[in-house]
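Right, one structure below, let's go through it.
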Amino acid sequence: MAISRERVLEELARIAVPGGGNLVSDDLLRALHVDAETIRFVIEAPDAVVARALAPVEAEAQHRLSALTGDQKVQIVMTAPAAPRGPAPQVVARSGEGVPAGAEPPSLKIGRHPTPQAGPAPVSGVARILAIGSGKGGVGKSTLTSNLAVALARQGRRVGLLDADIYGPSQPRMLGLTGQRPVSDGQMIEPLHAHGVTVMSLGLMMKEGEAVVWRGPMLMGALQQMLNQVKWGELDVLLVDLPPGTGDVQLSLCQKAQVSGAIIVSTPQDVALIDARRAIDMFDKLKTPVLGLVENMTTYICPNCGHEAHLFGHGGVAAEAAKLGLPFLGEIPLNLDVRLAGDEGTPVAAGDGPVAQAFARLAERLVAGGMA
Ligand SMILES: Nc1ncnc2c1ncn2[C@@H]1O[C@H](COP(=O)(O)OP(=O)(O)OP(=O)(O)O)[C@@H](O)[C@H]1O
């Protein structure tokens, strides 16, 4: 049985932490994400000493939640803010996906302090950087990014994809790269290639079973390395798959790189749209142009009877785009093949059929508009 976000919070509020209080009342939880398949969150300790003291609390949370739900995978990450100085991030982390068993991460140390730079800089050889964002997790941002990348590559564009979703890097799985590691000569990283797309993921740089959460300067340094120490080659467009929400990664990316624009993905429900508006506000504040909105998981057509249903509503994102005076870039149907293809490592956009066509239309629109 899958349990709700409210039930997760209720259970976590029962877990006492050293010194009194509980995980919820002491405001130690970050980035809680609950969907039918996953319960994921970060426990953020004020420092590394407290993080170590909280290890039994993390274990209890893992145990309690796993006992409550048979269906959802429970992924907990413990982190403490980076120290003001020092080369390595203070990570006290476990769990995570996309990291192949047994494989060693490349020798290049990722997660150092950023090197000073005057302002957002271009990435050598990369003509455009597009940030793919969403206010809310689980709306299909990573799915859209991988499929859009493949659709653009099929139209002859030279495409790169940077998976910067540090809370759950899923691109290695979605693009069929699980088990592969990029190599590095200690200075530069050789990216991977899948379905015509040049790919790099923060997830590929981590040790097995580790989900690293950087904050502030460490995160900025890691992103800077992903942008400048990866041999991207000549690209027409680099798509950056952001974590959900409005956090440090978004901020770091827009401060460090000349981002041409952001595309916001949302499902049509009001709750998702409220979060999408927050993401749009954030990009406005960061002076990154929002190029448009995409509605995901729109119309569902029953494969058996052809009946058309709108499980999450329909048209909400187009209406919101019109209200905000932003382009509506297109809609992607809710379709089982999208998930299955993503799980199997060959995005649906690599094949034929109505969903592949929907991604192809989106890609055409971006190319025609000079955005990709
Ligand atoms: N159009 C669609 N039809 C069917 N399933 C979809 C569709 N879009 C996404 N999904 C599925 O929904 C789930 C969440 O998608 P995805 O991981 O892309 O979301 P996300 O917004 O990137 O989430 P997060 O930011 O939390 O990683 C995945 O299992 C994916 O296969």
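Using the three backbone atoms N, Cα and C, a Cβ is placed for every residue, glycine included.
Reduced to three states, the DSSP call for Lys141 (ATP binding site) is helix. In this view, Lys141 (ATP binding site) is surrounded by 27 other Cβ atoms within 10 Å of its Cβ, with every protein chain counted. Marked as ATP binding site by TrEMBL: Gly135, Lys136, Gly137, Gly138, Val139, Gly140, Lys141, Ser142.
In the predicted structure, the domain 'MIP18 family-like' (5-75) carries a mean pLDDT of 87. Per TrEMBL, the feature domain 'MIP18 family-like' maps to 5-75.
The region 'Disordered' annotation in TrEMBL covers 85-122.
For ligand 1, the binding-site residues lying close by, meaning a CB under 6 A from one of its atoms, are Gly138, Lys141; the full candidate list was Gly135, Lys136, Gly138, Lys141. In sequence order, Pro244, Gly245, Ser266, Val271, Ala272, Asp275, Ala276 are the residues of the chain that are 6 or more apart from Lys136 (ATP binding site) and have a CB within less than 8 Å of its CB.
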